Amino acid sequence: MFFPVVFFIPFVLGAPTQKALEKILVDNNPDSVTNREKIRGIIDKAFENRVPRVQGRQGVAPPVTFAALNYGPKNNQTKKFEELNQDINEYTFESDIMLNEKQAKHIATAIENGNYRSKRQAIVDTTNFWSVSVPIFYQFDTKLSATNIANVRKAIQFWNDNSCLSFKEDNNAKNRLFLSSAGGCWSYVGKQVDMPYQMVSVGPNCDTFGTATHELMHAIGFWHQQSRADRDNYVYVDFSNIIPSQAYNFQKMAVDQAQLLNLPYDYGSVMQYYPYAFAVDSSKYTILAKENGFQNSMGQREAPAFSDIIGVNKLYNCTSQCKIQMKCSNCGITDSRNCNQCKCPRYFTGASCDSLPSGTAPNCNGAVLQATSSWETFDAKAGDPSSFSSSTDNSTNCYWHIKAPEGQQIEFKMTKTPLAAICMQECPWQSIEVNLGKFDLFGMITCCDTILNQVFTSELNMIALRGIIRYNQLTFSIQYRAVPSSKPASTNACLNQ
């Protein structure tokens, strides 16, 4: 049975509430207790009013085909920011977002009315947009360590290099980002024009590259991937395993609160929730991918996906910086920082995205493999077999392409791998990313031998593989062949074009 009271938090500052506010409203934060309480009340009241409409949704078991997927034991080695933010969850939306009053009211209206109709994932209020002609100014909290600052600088540089937005350090500029060591990992969404500066909390445990780029993407103007109105077509949200008082964190975004970018859903977006977020039983998923093979892609914090880069470039119309658009292969886009070259998905390099990256892993035997009508076999390897040190934050890569003649597709399977010994959810040590041709989206991540001898078919006439190595050496064997295409000749696998 579902009880309405779980969504209402009394406005009395007890010890947990006081602790949460102390973490958020540190000395430098221009926000206030009054404002945070007001915004919390707006969301709480909306869910209190909506309760009769959601009865019956709780406790529904996920379809057996989704629940039975085997991705190995859960990875409990690193804490996710959904866990790091437990102490402040009552004042955040979707775990790491600080809403302003206008955003809270829009979301509250959607909560009460069930108003979802579009594929939206970025801000629509132009007052929350940053200018492409003026830098986004930022300042580092003096409480951040040199290591914290160095890590966050890499994330800032990433968005500077991969969009038409520019960033500049200035401790006195108006409307600057204040990169803080406040408790937890969080940010406001978009530019907060009513604040002299806005905080982005990226202190210890929140300064990894993936998490820092995630929080900066909020500040740039993006919501979470699973907030999209069309998310139920791609993921199953198991409300029966979600802490009732945290169910509001799975709210789909209001149609008038987010920008329509016509982007496909990407399981590997850096803005996608961790699949155990807010679980009652932390050994069971709260979010399950409906597409086979993509469960391990969700919640990745290695780096932004190429679709995230495309999203930021679309939101700020970065293509307008170039008078002539490049003809890019393999889902690449014109680089707004250099209009004479393409910006490529990670599986490709070169001025027009048609070359194989050299890879960063030692002993990488990356290659372009030509498929014929007969099954061919290839033994792949990358990494140092004598290395037994590991880092889950830094990985090396090796790439392989499989190509068939134009007008044909590729059948592909993995036939041999020692992955059983390292099979674990999220694949923290070694993994293989398989992209069947939607190169502007993140691929399937696997590190378990359950994938062996499953036959996959490419979208068109190319498959890209990426070996991800954080420990020792990755080895695996594959088989592949070319087959007649079942798709029209005009098919374009690039979903963003």
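Think of each number as a place in line: the chain as shown, counted from 1.
Just so you know, glycine gets a Cβ as well, placed from its N, Cα and C.
Taken from Swiss-Prot, the feature Zn(2+) binding site applies to His214, His218, His224, supported by sequence analysis. Marked as disulfide bond by Swiss-Prot: Cys164-Cys318, Cys185-Cys206, Cys328-Cys339, Cys331-Cys342, Cys344-Cys353, Cys364-Cys398, Cys427-Cys447. The annotation domain 'Peptidase M12A' is assigned in Swiss-Prot to 121-319. The feature domain 'CUB' is assigned by Swiss-Prot to 364-483. Here Swiss-Prot flags Asn76, Asn317, Asn394 as N-linked glycosylation site. Sequence annotations record features per position, and here Swiss-Prot assigns signal peptide to 1-14.
Sequence features annotated in Swiss-Prot and their locations in the structure.
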| residue | record | Cβ within 10 Å |
| --- | --- | --- |
| Asn76 | N-linked glycosylation site | 10 |
| Cys185 | disulfide bond | 26 |
| His214 | Zn(2+) binding site | 27 |
| His218 | Zn(2+) binding site | 22 |
| His224 | Zn(2+) binding site | 26 |
| Cys318 | disulfide bond | 23 |
| Cys328 | disulfide bond | 23 |
| Cys342 | disulfide bond | 24 |
| Cys344 | disulfide bond | 24 |
| Cys398 | disulfide bond | 26 |
Determine which residues of the same chain, besides His214, His218, His224, have their CB within 8 A of the center of the CB atoms at the recorded Zn(2+) site, and list them by sequence.
Glu94, Asp96, Ile97, Ser187, Glu215, Met217, Phe222, Trp223, Val270, Met271
Cα-Cα separation of Cys364 (disulfide bond) and His224 (Zn(2+) binding site), in Å?
35
Using a 10 Å radius on the Cβ of Cys206 (disulfide bond), the other Cβ atoms enclosed count 26
Roughly where does the domain 'Peptidase M12A' (121-319) sit in mean pLDDT, to the nearest integer?
91
Which of Cys164, Cys331, Cys353, Cys427, Cys447 has the fewest nearby Cβ atoms, counting only those within 10 Å, among these disulfide-bonded residues?
Cys164
Please work out which residue of Cys339, Cys364 has the most C-beta neighbours within 10 angstroms of its C-beta, and give that one of the disulfide-bonded residues.
Cys364
Around the C-beta of Asn317 (N-linked glycosylation site), how many further C-beta atoms are within 10 angstroms, looking at every protein chain?
11
So Asn394 (N-linked glycosylation site), by the Cβ count within 10 Å over all chains shown, scores 11
